[in-house]
Amino acid sequence: MERQKSMESGLLRKSLSIRERKHPHDDGYLEPGLSSKRHKEVKKHHNEDGECCVTTSVCLITFIVVTGSFCVGCGTGYSSVAQHGIVSDLSLSVAEYSMFGSILTLGGLIGAVFSGKISDVLGRKRTMFFCEAFCATGWLCIALAKDALWLDCGRFLLGIGVGIFSYVIPVYIAEIAPKHVRGSFVFANQLMQNFGLSLFFIIGNFISWRFLSIIGMVPCVLHVVCLFFIPESPRWLAKFGRDKECRASLQQLRGHDVDISQEANAIKDTMEFSQQSGETGFVELFQRRYVFPLIIGVGLMLLQQLSGSAGVIYYASSLYERGGFPSAIGTSVMATIMVPKAMIGTIIVDKMGRRTLLMASCAGMGLFALLLSVSYSLQSFGILPELTPLFTFISVLGYVITYALGMGGLPWIIMSEIFPMNVKVSAGTLVTVTNWACGWVITFTFNLLMQWNASGTFLIFSSISAMSIVFIYFIVPETKGRSLEEIQTLLSNSVH
(Lines of atoms letter the chains of each structure in order from A; the text may use other names.)
(Lines give C-alpha, C1' and ligand atoms only; values in the text may rest on other atoms or scores of the structure.)
Protein backbone atom coordinates (compact mmCIF):
# COMPACT_ATOMS: atom_id res chain seq x y z
CA MET A 1 0.00 0.00 0.00
CA GLU A 2 2.90 2.37 0.73
CA ARG A 3 4.23 1.67 -2.74
CA GLN A 4 0.83 2.48 -4.24
CA LYS A 5 0.68 5.80 -2.37
CA SER A 6 4.16 6.82 -3.49
CA MET A 7 3.27 5.99 -7.09
CA GLU A 8 0.11 8.11 -6.91
CA SER A 9 1.96 11.07 -5.34
CA GLY A 10 4.50 10.96 -8.14
CA LEU A 11 1.68 10.93 -10.66
CA LEU A 12 0.09 13.96 -9.02
CA ARG A 13 3.32 15.96 -9.12
CA LYS A 14 3.86 15.15 -12.81
CA SER A 15 0.26 15.96 -13.71
CA LEU A 16 0.41 19.31 -11.92
CA SER A 17 3.64 20.25 -13.67
CA ILE A 18 1.99 19.69 -17.05
CA ARG A 19 -1.07 21.72 -16.12
CA GLU A 20 0.94 24.58 -14.63
CA ARG A 21 2.89 25.00 -17.85
CA LYS A 22 -0.29 25.99 -19.70
CA HIS A 23 -3.09 26.61 -17.28
CA PRO A 24 -6.52 26.19 -18.82
CA HIS A 25 -7.82 29.40 -17.25
CA ASP A 26 -5.20 31.56 -18.91
CA ASP A 27 -6.06 33.22 -22.21
CA GLY A 28 -2.66 32.17 -23.50
CA TYR A 29 -3.70 28.58 -23.22
CA LEU A 30 -6.65 29.00 -25.56
CA GLU A 31 -6.54 28.26 -29.25
CA PRO A 32 -6.28 31.30 -31.55
CA GLY A 33 -9.58 33.12 -31.78
CA LEU A 34 -11.02 31.56 -28.61
CA SER A 35 -11.82 34.29 -26.08
CA SER A 36 -12.19 33.99 -22.33
CA LYS A 37 -15.94 34.33 -22.73
CA ARG A 38 -15.92 31.52 -25.27
CA HIS A 39 -13.82 29.45 -22.89
CA LYS A 40 -16.45 29.85 -20.18
CA GLU A 41 -19.14 28.77 -22.62
CA VAL A 42 -17.44 25.49 -23.48
CA LYS A 43 -17.29 24.53 -19.81
CA LYS A 44 -20.92 23.54 -19.93
CA HIS A 45 -19.85 20.56 -22.04
CA HIS A 46 -17.96 19.13 -19.08
CA ASN A 47 -19.36 17.35 -16.04
CA GLU A 48 -19.02 18.49 -12.45
CA ASP A 49 -15.60 16.87 -12.11
CA GLY A 50 -14.26 18.74 -15.12
CA GLU A 51 -14.34 15.72 -17.38
CA CYS A 52 -15.49 16.11 -20.96
CA CYS A 53 -18.97 14.73 -21.46
CA VAL A 54 -19.55 11.63 -23.53
CA THR A 55 -20.67 12.79 -26.96
CA THR A 56 -22.94 11.06 -29.43
CA SER A 57 -19.98 10.98 -31.79
CA VAL A 58 -17.85 8.89 -29.40
CA CYS A 59 -20.74 6.48 -28.80
CA LEU A 60 -21.41 5.98 -32.51
CA ILE A 61 -17.73 5.59 -33.35
CA THR A 62 -17.26 3.03 -30.57
CA PHE A 63 -20.29 1.10 -31.80
CA ILE A 64 -18.86 1.05 -35.33
CA VAL A 65 -15.48 -0.16 -34.07
CA VAL A 66 -16.88 -2.97 -31.91
CA THR A 67 -18.73 -4.34 -34.91
CA GLY A 68 -15.36 -5.97 -35.50
CA SER A 69 -15.68 -7.59 -32.08
CA PHE A 70 -19.08 -8.92 -33.17
CA CYS A 71 -17.29 -10.58 -36.11
CA VAL A 72 -14.84 -12.14 -33.64
CA GLY A 73 -17.72 -13.62 -31.62
CA CYS A 74 -19.35 -15.04 -34.76
CA GLY A 75 -16.10 -16.73 -35.74
CA THR A 76 -15.61 -18.18 -32.27
CA GLY A 77 -19.11 -19.64 -32.08
CA TYR A 78 -19.27 -20.98 -35.63
CA SER A 79 -17.27 -24.21 -35.18
CA SER A 80 -19.49 -25.43 -32.35
CA VAL A 81 -22.88 -25.06 -34.05
CA ALA A 82 -21.69 -26.03 -37.55
CA GLN A 83 -19.96 -29.26 -36.53
CA HIS A 84 -22.77 -31.72 -37.29
CA GLY A 85 -23.61 -30.22 -40.70
CA ILE A 86 -20.01 -29.93 -41.93
CA VAL A 87 -19.04 -33.43 -40.81
CA SER A 88 -22.13 -34.90 -42.49
CA ASP A 89 -21.92 -32.98 -45.78
CA LEU A 90 -18.17 -33.23 -46.34
CA SER A 91 -17.61 -36.60 -44.59
CA LEU A 92 -14.88 -35.26 -42.33
CA SER A 93 -13.20 -37.37 -39.69
CA VAL A 94 -13.00 -36.24 -36.08
CA ALA A 95 -9.34 -35.34 -36.58
CA GLU A 96 -10.11 -33.27 -39.68
CA TYR A 97 -12.85 -31.33 -37.92
CA SER A 98 -10.65 -30.83 -34.88
CA MET A 99 -8.08 -29.24 -37.17
CA PHE A 100 -10.78 -26.98 -38.62
CA GLY A 101 -11.90 -25.86 -35.17
CA SER A 102 -8.43 -25.26 -33.71
CA ILE A 103 -6.79 -23.60 -36.72
CA LEU A 104 -8.64 -20.37 -35.86
CA THR A 105 -6.38 -20.12 -32.80
CA LEU A 106 -3.28 -20.71 -34.92
CA GLY A 107 -4.35 -17.96 -37.33
CA GLY A 108 -5.06 -15.71 -34.36
CA LEU A 109 -1.57 -16.34 -33.01
CA ILE A 110 0.02 -15.36 -36.34
CA GLY A 111 -2.21 -12.29 -36.59
CA ALA A 112 -1.24 -11.32 -33.05
CA VAL A 113 2.47 -11.50 -33.90
CA PHE A 114 2.07 -8.73 -36.49
CA SER A 115 -0.84 -6.86 -34.91
CA GLY A 116 1.17 -4.15 -33.17
CA LYS A 117 3.39 -3.34 -36.14
CA ILE A 118 0.52 -3.33 -38.62
CA SER A 119 -1.59 -1.00 -36.49
CA ASP A 120 1.39 1.32 -36.00
CA VAL A 121 2.31 1.47 -39.70
CA LEU A 122 -1.19 1.61 -41.19
CA GLY A 123 -2.95 3.37 -38.33
CA ARG A 124 -5.79 1.99 -36.22
CA LYS A 125 -8.52 2.72 -38.77
CA ARG A 126 -6.83 1.23 -41.82
CA THR A 127 -5.77 -1.81 -39.77
CA MET A 128 -9.44 -2.58 -39.18
CA PHE A 129 -10.01 -2.44 -42.95
CA PHE A 130 -7.10 -4.86 -43.27
CA CYS A 131 -8.67 -7.23 -40.71
CA GLU A 132 -12.01 -7.32 -42.48
CA ALA A 133 -10.32 -8.29 -45.75
CA PHE A 134 -9.08 -11.46 -44.01
CA CYS A 135 -12.38 -12.12 -42.22
CA ALA A 136 -14.60 -11.69 -45.29
CA THR A 137 -12.30 -13.82 -47.45
CA GLY A 138 -12.24 -16.49 -44.76
CA TRP A 139 -16.03 -16.65 -44.52
CA LEU A 140 -16.29 -16.86 -48.32
CA CYS A 141 -13.84 -19.77 -48.45
CA ILE A 142 -15.84 -21.63 -45.82
CA ALA A 143 -19.15 -20.98 -47.59
CA LEU A 144 -17.80 -22.34 -50.89
CA ALA A 145 -15.70 -25.16 -49.41
CA LYS A 146 -15.84 -28.57 -51.07
CA ASP A 147 -13.23 -30.28 -48.90
CA ALA A 148 -11.28 -29.94 -45.66
CA LEU A 149 -8.47 -27.92 -47.27
CA TRP A 150 -10.77 -25.02 -48.23
CA LEU A 151 -12.41 -25.13 -44.82
CA ASP A 152 -9.04 -24.91 -43.09
CA CYS A 153 -7.84 -22.09 -45.36
CA GLY A 154 -10.97 -20.08 -44.66
CA ARG A 155 -10.79 -20.68 -40.92
CA PHE A 156 -7.09 -19.78 -40.88
CA LEU A 157 -7.70 -16.48 -42.70
CA LEU A 158 -10.54 -15.71 -40.32
CA GLY A 159 -8.18 -16.39 -37.41
CA ILE A 160 -5.61 -13.90 -38.72
CA GLY A 161 -8.24 -11.18 -38.86
CA VAL A 162 -9.51 -12.07 -35.39
CA GLY A 163 -5.98 -12.03 -33.96
CA ILE A 164 -5.29 -8.52 -35.23
CA PHE A 165 -8.72 -7.32 -34.11
CA SER A 166 -8.00 -8.52 -30.56
CA TYR A 167 -5.22 -5.92 -30.37
CA VAL A 168 -6.35 -2.97 -32.45
CA ILE A 169 -9.97 -2.64 -31.22
CA PRO A 170 -9.25 -2.15 -27.48
CA VAL A 171 -6.27 0.07 -28.30
CA TYR A 172 -8.32 2.35 -30.59
CA ILE A 173 -11.21 2.66 -28.14
CA ALA A 174 -8.85 3.40 -25.24
CA GLU A 175 -7.24 6.16 -27.30
CA ILE A 176 -10.52 7.92 -28.15
CA ALA A 177 -12.72 7.47 -25.05
CA PRO A 178 -12.90 10.02 -22.20
CA LYS A 179 -10.95 8.67 -19.24
CA HIS A 180 -13.90 8.46 -16.82
CA VAL A 181 -15.78 6.04 -19.14
CA ARG A 182 -12.86 4.40 -20.92
CA GLY A 183 -13.29 1.09 -19.11
CA SER A 184 -16.95 0.77 -20.05
CA PHE A 185 -16.26 1.68 -23.66
CA VAL A 186 -13.41 -0.82 -24.05
CA PHE A 187 -15.51 -3.45 -22.27
CA ALA A 188 -18.02 -3.05 -25.10
CA ASN A 189 -15.49 -5.10 -27.06
CA GLN A 190 -16.30 -8.07 -24.80
CA LEU A 191 -20.03 -7.30 -24.97
CA MET A 192 -20.14 -7.49 -28.75
CA GLN A 193 -18.05 -10.65 -28.84
CA ASN A 194 -20.60 -12.27 -26.56
CA PHE A 195 -23.44 -10.98 -28.71
CA GLY A 196 -21.94 -12.54 -31.85
CA LEU A 197 -21.27 -15.80 -30.01
CA SER A 198 -24.83 -15.98 -28.64
CA LEU A 199 -26.37 -15.17 -32.01
CA PHE A 200 -24.52 -18.00 -33.74
CA PHE A 201 -25.26 -20.42 -30.89
CA ILE A 202 -28.98 -19.75 -31.37
CA ILE A 203 -29.45 -19.42 -35.14
CA GLY A 204 -26.94 -22.17 -35.88
CA ASN A 205 -29.50 -24.70 -34.67
CA PHE A 206 -31.91 -23.73 -37.44
CA ILE A 207 -29.91 -22.93 -40.59
CA SER A 208 -27.28 -24.73 -42.66
CA TRP A 209 -23.56 -24.22 -42.08
CA ARG A 210 -23.03 -22.68 -45.53
CA PHE A 211 -25.76 -20.07 -45.05
CA LEU A 212 -24.45 -19.42 -41.55
CA SER A 213 -21.01 -18.56 -42.98
CA ILE A 214 -22.66 -16.16 -45.44
CA ILE A 215 -24.40 -14.50 -42.49
CA GLY A 216 -20.95 -14.18 -40.92
CA MET A 217 -19.88 -12.05 -43.89
CA VAL A 218 -22.69 -9.51 -43.43
CA PRO A 219 -21.25 -7.68 -40.39
CA CYS A 220 -17.83 -7.66 -42.12
CA VAL A 221 -19.25 -5.77 -45.10
CA LEU A 222 -21.23 -3.38 -42.90
CA HIS A 223 -18.15 -2.74 -40.78
CA VAL A 224 -16.07 -1.82 -43.83
CA VAL A 225 -18.70 0.67 -45.02
CA CYS A 226 -19.03 2.31 -41.59
CA LEU A 227 -15.27 2.60 -41.07
CA PHE A 228 -15.15 5.31 -43.75
CA PHE A 229 -17.02 7.64 -41.36
CA ILE A 230 -14.80 7.38 -38.27
CA PRO A 231 -11.65 9.44 -37.51
CA GLU A 232 -8.17 8.09 -36.97
CA SER A 233 -6.93 7.83 -33.39
CA PRO A 234 -5.71 11.29 -32.26
CA ARG A 235 -2.85 9.72 -30.30
CA TRP A 236 -1.63 7.80 -33.34
CA LEU A 237 -1.78 11.01 -35.39
CA ALA A 238 0.14 12.91 -32.70
CA LYS A 239 2.80 10.22 -32.64
CA PHE A 240 3.64 10.93 -36.28
CA GLY A 241 3.58 14.71 -35.85
CA ARG A 242 0.24 15.26 -37.59
CA ASP A 243 -0.87 17.83 -35.02
CA LYS A 244 -3.53 19.53 -37.15
CA GLU A 245 -5.22 16.20 -37.93
CA CYS A 246 -4.86 15.17 -34.30
CA ARG A 247 -6.75 18.25 -33.11
CA ALA A 248 -9.41 17.79 -35.80
CA SER A 249 -9.92 14.18 -34.75
CA LEU A 250 -10.09 15.14 -31.08
CA GLN A 251 -12.55 17.94 -31.86
CA GLN A 252 -14.83 15.48 -33.69
CA LEU A 253 -14.70 13.12 -30.73
CA ARG A 254 -15.27 15.70 -27.98
CA GLY A 255 -17.75 17.93 -29.81
CA HIS A 256 -17.34 21.06 -31.91
CA ASP A 257 -18.19 23.40 -29.02
CA VAL A 258 -15.61 21.93 -26.62
CA ASP A 259 -12.17 23.37 -25.92
CA ILE A 260 -9.81 20.44 -26.53
CA SER A 261 -6.59 22.42 -25.98
CA GLN A 262 -5.70 20.94 -22.59
CA GLU A 263 -6.18 17.36 -23.73
CA ALA A 264 -4.39 18.00 -27.03
CA ASN A 265 -1.41 19.56 -25.23
CA ALA A 266 -1.23 16.67 -22.76
CA ILE A 267 -1.17 14.20 -25.66
CA LYS A 268 1.50 16.24 -27.42
CA ASP A 269 3.64 16.39 -24.27
CA THR A 270 3.49 12.62 -23.87
CA MET A 271 4.31 12.02 -27.53
CA GLU A 272 7.32 14.33 -27.33
CA PHE A 273 8.58 12.44 -24.31
CA SER A 274 8.05 9.11 -26.09
CA GLN A 275 9.92 10.35 -29.17
CA GLN A 276 12.85 11.36 -26.98
CA SER A 277 12.95 7.78 -25.71
CA GLY A 278 12.87 6.50 -29.30
CA GLU A 279 10.89 3.61 -30.79
CA THR A 280 11.51 0.50 -28.73
CA GLY A 281 11.98 -2.97 -30.20
CA PHE A 282 11.66 -6.30 -28.48
CA VAL A 283 15.22 -6.26 -27.15
CA GLU A 284 14.93 -2.79 -25.63
CA LEU A 285 11.49 -3.65 -24.27
CA PHE A 286 13.04 -5.39 -21.28
CA GLN A 287 14.67 -2.25 -19.92
CA ARG A 288 14.02 -1.47 -16.28
CA ARG A 289 11.59 1.38 -16.99
CA TYR A 290 9.25 -0.91 -18.97
CA VAL A 291 9.43 -3.95 -16.71
CA PHE A 292 6.50 -3.07 -14.46
CA PRO A 293 3.85 -2.52 -17.19
CA LEU A 294 5.22 -5.57 -19.02
CA ILE A 295 4.78 -7.75 -15.93
CA ILE A 296 1.21 -6.47 -15.55
CA GLY A 297 0.24 -7.04 -19.19
CA VAL A 298 1.86 -10.45 -19.68
CA GLY A 299 0.91 -11.63 -16.20
CA LEU A 300 -2.79 -10.87 -16.65
CA MET A 301 -2.91 -12.63 -20.04
CA LEU A 302 -1.15 -15.72 -18.65
CA LEU A 303 -3.46 -15.90 -15.65
CA GLN A 304 -6.53 -15.35 -17.82
CA GLN A 305 -5.72 -18.44 -19.90
CA LEU A 306 -4.07 -20.65 -17.26
CA SER A 307 -7.23 -20.40 -15.15
CA GLY A 308 -8.84 -22.65 -17.77
CA SER A 309 -11.19 -20.10 -19.35
CA ALA A 310 -10.63 -21.17 -22.96
CA GLY A 311 -11.14 -24.83 -22.10
CA VAL A 312 -14.39 -24.21 -20.23
CA ILE A 313 -15.88 -22.05 -23.01
CA TYR A 314 -14.76 -24.23 -25.93
CA TYR A 315 -15.71 -27.52 -24.30
CA ALA A 316 -18.73 -26.55 -22.19
CA SER A 317 -20.87 -29.22 -23.87
CA SER A 318 -18.48 -32.01 -22.92
CA LEU A 319 -18.30 -30.72 -19.33
CA TYR A 320 -22.08 -30.88 -19.03
CA GLU A 321 -22.16 -34.37 -20.53
CA ARG A 322 -19.43 -35.62 -18.18
CA GLY A 323 -21.45 -34.37 -15.21
CA GLY A 324 -24.68 -35.94 -16.48
CA PHE A 325 -26.43 -32.68 -17.33
CA PRO A 326 -28.12 -32.27 -20.77
CA SER A 327 -25.62 -30.35 -22.90
CA ALA A 328 -28.32 -28.83 -25.14
CA ILE A 329 -30.02 -27.19 -22.16
CA GLY A 330 -26.72 -26.08 -20.66
CA THR A 331 -25.38 -24.42 -23.82
CA SER A 332 -28.76 -22.81 -24.57
CA VAL A 333 -28.81 -21.21 -21.13
CA MET A 334 -25.23 -20.02 -21.67
CA ALA A 335 -26.20 -18.43 -24.99
CA THR A 336 -29.14 -16.68 -23.34
CA ILE A 337 -27.14 -15.07 -20.55
CA MET A 338 -23.97 -14.16 -22.48
CA VAL A 339 -25.14 -10.72 -23.55
CA PRO A 340 -26.77 -9.68 -20.22
CA LYS A 341 -23.70 -10.71 -18.21
CA ALA A 342 -21.41 -8.75 -20.53
CA MET A 343 -23.73 -5.72 -20.23
CA ILE A 344 -23.38 -5.85 -16.45
CA GLY A 345 -19.59 -5.78 -16.80
CA THR A 346 -19.82 -2.82 -19.17
CA ILE A 347 -21.92 -0.88 -16.66
CA ILE A 348 -19.93 -1.57 -13.48
CA VAL A 349 -16.33 -1.52 -14.75
CA ASP A 350 -15.98 2.26 -14.28
CA LYS A 351 -17.88 2.22 -11.00
CA MET A 352 -16.12 -0.61 -9.14
CA GLY A 353 -12.70 -0.08 -10.68
CA ARG A 354 -10.41 -2.50 -12.52
CA ARG A 355 -8.68 -4.07 -9.52
CA THR A 356 -11.82 -4.73 -7.50
CA LEU A 357 -13.68 -6.24 -10.44
CA LEU A 358 -10.69 -8.37 -11.44
CA MET A 359 -10.28 -9.78 -7.93
CA ALA A 360 -14.02 -10.44 -7.61
CA SER A 361 -13.99 -12.21 -10.98
CA CYS A 362 -11.02 -14.38 -10.03
CA ALA A 363 -12.64 -15.25 -6.68
CA GLY A 364 -15.81 -16.38 -8.45
CA MET A 365 -13.89 -18.39 -11.04
CA GLY A 366 -11.85 -20.06 -8.30
CA LEU A 367 -14.91 -20.98 -6.23
CA PHE A 368 -16.87 -22.40 -9.16
CA ALA A 369 -13.83 -24.32 -10.45
CA LEU A 370 -13.43 -25.77 -6.96
CA LEU A 371 -17.13 -26.72 -6.87
CA LEU A 372 -16.77 -28.45 -10.24
CA SER A 373 -13.69 -30.29 -8.96
CA VAL A 374 -15.66 -31.47 -5.93
CA SER A 375 -18.57 -32.49 -8.17
CA TYR A 376 -16.38 -34.66 -10.41
CA SER A 377 -14.64 -36.09 -7.36
CA LEU A 378 -17.96 -37.12 -5.77
CA GLN A 379 -18.98 -38.63 -9.08
CA SER A 380 -15.84 -40.75 -9.26
CA PHE A 381 -16.53 -42.12 -5.78
CA GLY A 382 -20.25 -42.63 -6.42
CA ILE A 383 -21.25 -40.22 -3.66
CA LEU A 384 -24.47 -38.18 -4.03
CA PRO A 385 -24.84 -39.02 -7.76
CA GLU A 386 -28.18 -37.20 -7.97
CA LEU A 387 -26.48 -33.88 -7.13
CA THR A 388 -23.62 -34.14 -9.64
CA PRO A 389 -25.63 -32.84 -12.66
CA LEU A 390 -26.90 -29.86 -10.68
CA PHE A 391 -23.44 -29.04 -9.31
CA THR A 392 -22.00 -29.31 -12.82
CA PHE A 393 -24.59 -26.97 -14.30
CA ILE A 394 -24.15 -24.37 -11.52
CA SER A 395 -20.35 -24.58 -11.66
CA VAL A 396 -19.92 -24.21 -15.43
CA LEU A 397 -22.53 -21.46 -15.68
CA GLY A 398 -21.14 -19.61 -12.65
CA TYR A 399 -17.59 -19.88 -13.95
CA VAL A 400 -18.52 -18.44 -17.35
CA ILE A 401 -20.51 -15.58 -15.78
CA THR A 402 -17.78 -14.52 -13.33
CA TYR A 403 -15.15 -14.84 -16.06
CA ALA A 404 -17.10 -12.54 -18.37
CA LEU A 405 -17.59 -9.94 -15.63
CA GLY A 406 -13.86 -9.37 -15.16
CA MET A 407 -11.08 -11.59 -16.44
CA GLY A 408 -12.69 -11.95 -19.86
CA GLY A 409 -12.36 -8.31 -20.87
CA LEU A 410 -10.39 -6.35 -18.26
CA PRO A 411 -6.91 -7.67 -19.18
CA TRP A 412 -7.48 -6.27 -22.68
CA ILE A 413 -8.60 -2.93 -21.23
CA ILE A 414 -5.53 -2.69 -19.02
CA MET A 415 -3.27 -3.75 -21.88
CA SER A 416 -4.59 -0.85 -23.95
CA GLU A 417 -3.94 1.62 -21.11
CA ILE A 418 -0.54 0.87 -19.59
CA PHE A 419 2.00 1.07 -22.42
CA PRO A 420 3.53 4.34 -23.71
CA MET A 421 3.26 4.98 -27.44
CA ASN A 422 6.94 4.23 -28.09
CA VAL A 423 6.56 0.67 -26.73
CA LYS A 424 2.92 0.02 -27.60
CA VAL A 425 3.84 -1.85 -30.77
CA SER A 426 6.35 -4.28 -29.28
CA ALA A 427 4.72 -4.58 -25.85
CA GLY A 428 1.18 -4.89 -27.19
CA THR A 429 2.30 -7.53 -29.67
CA LEU A 430 4.04 -9.53 -26.95
CA VAL A 431 1.01 -9.38 -24.67
CA THR A 432 -1.41 -10.37 -27.46
CA VAL A 433 0.83 -13.24 -28.61
CA THR A 434 1.07 -14.45 -25.00
CA ASN A 435 -2.71 -14.62 -24.79
CA TRP A 436 -3.18 -16.52 -28.06
CA ALA A 437 -0.24 -18.88 -27.50
CA CYS A 438 -1.33 -19.77 -23.97
CA GLY A 439 -4.92 -20.13 -25.17
CA TRP A 440 -3.80 -22.60 -27.81
CA VAL A 441 -1.92 -24.65 -25.20
CA ILE A 442 -4.98 -24.80 -22.94
CA THR A 443 -7.42 -25.74 -25.71
CA PHE A 444 -5.02 -28.38 -27.06
CA THR A 445 -4.32 -30.02 -23.69
CA PHE A 446 -7.71 -29.57 -22.03
CA ASN A 447 -9.20 -32.90 -23.13
CA LEU A 448 -5.98 -34.70 -22.24
CA LEU A 449 -6.08 -33.21 -18.76
CA MET A 450 -9.71 -34.19 -18.38
CA GLN A 451 -8.85 -37.79 -19.32
CA TRP A 452 -6.04 -37.75 -16.78
CA ASN A 453 -8.15 -36.46 -13.87
CA ALA A 454 -11.17 -34.17 -14.26
CA SER A 455 -11.29 -33.27 -10.59
CA GLY A 456 -7.57 -32.58 -10.43
CA THR A 457 -7.72 -30.41 -13.56
CA PHE A 458 -10.24 -28.02 -12.03
CA LEU A 459 -8.43 -28.06 -8.72
CA ILE A 460 -5.40 -26.70 -10.61
CA PHE A 461 -7.55 -24.07 -12.32
CA SER A 462 -9.02 -23.05 -8.96
CA SER A 463 -5.53 -22.67 -7.46
CA ILE A 464 -4.41 -20.47 -10.36
CA SER A 465 -7.47 -18.25 -9.87
CA ALA A 466 -6.47 -17.85 -6.22
CA MET A 467 -2.93 -16.92 -7.29
CA SER A 468 -4.44 -14.36 -9.66
CA ILE A 469 -6.06 -12.52 -6.74
CA VAL A 470 -2.67 -12.18 -5.03
CA PHE A 471 -1.02 -10.98 -8.25
CA ILE A 472 -3.71 -8.36 -8.88
CA TYR A 473 -3.70 -7.09 -5.29
CA PHE A 474 0.05 -6.49 -5.12
CA ILE A 475 0.98 -5.71 -8.74
CA VAL A 476 -1.91 -4.28 -10.76
CA PRO A 477 -2.61 -0.54 -10.17
CA GLU A 478 -6.04 1.05 -10.41
CA THR A 479 -6.39 2.88 -13.74
CA LYS A 480 -10.03 3.97 -13.42
CA GLY A 481 -10.57 7.69 -13.98
CA ARG A 482 -7.03 8.42 -15.18
CA SER A 483 -5.97 9.59 -18.61
CA LEU A 484 -3.56 7.40 -20.58
CA GLU A 485 -0.85 9.98 -19.96
CA GLU A 486 -1.43 9.89 -16.20
CA ILE A 487 -1.36 6.07 -16.15
CA GLN A 488 1.96 5.97 -17.96
CA THR A 489 3.39 8.55 -15.56
CA LEU A 490 2.15 6.45 -12.65
CA LEU A 491 3.86 3.33 -13.97
CA SER A 492 7.09 5.13 -14.87
CA ASN A 493 7.31 6.47 -11.29
CA SER A 494 6.97 2.92 -9.94
CA VAL A 495 10.46 1.98 -11.11
CA HIS A 496 12.21 5.00 -9.57
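Just so it is clear, glycine is given a Cβ too, placed from its N, Cα and C backbone atoms.
Lifted from TrEMBL, the feature list:
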DOMAIN    61-480  domain 'Major facilitator superfamily (MFS) profile'
TRANSMEM  53-78  transmembrane segment
TRANSMEM  98-116  transmembrane segment
TRANSMEM  128-150  transmembrane segment
TRANSMEM  156-173  transmembrane segment
TRANSMEM  185-203  transmembrane segment
TRANSMEM  209-230  transmembrane segment
TRANSMEM  290-316  transmembrane segment
TRANSMEM  328-349  transmembrane segment
TRANSMEM  356-378  transmembrane segment
TRANSMEM  390-415  transmembrane segment
TRANSMEM  427-450  transmembrane segment
TRANSMEM  456-476  transmembrane segment
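By number of Cβ pairs under 8 Å, the transmembrane segment (456-476) is matched best by 356-378 from the list 98-116, 185-203, 356-378, 390-415. Between the transmembrane segment (427-450) and the listed ranges 98-116, 128-150, 156-173, the one holding the most Cβ pairs under 8 Å is 98-116. In this chain, the transmembrane segment (128-150) lies apart from the transmembrane segment (185-203): fewer than three C-beta pairs between them fall below 8 angstroms, excluding pairs fewer than 6 positions apart. Of the candidate ranges 156-173, 328-349, 356-378, 328-349 contributes the most Cβ pairs within a distance under 8 Å of the transmembrane segment (185-203). Pairs of Cβ atoms less than 8 Å apart link the transmembrane segment (356-378) most often to 328-349, out of 98-116, 156-173, 328-349.
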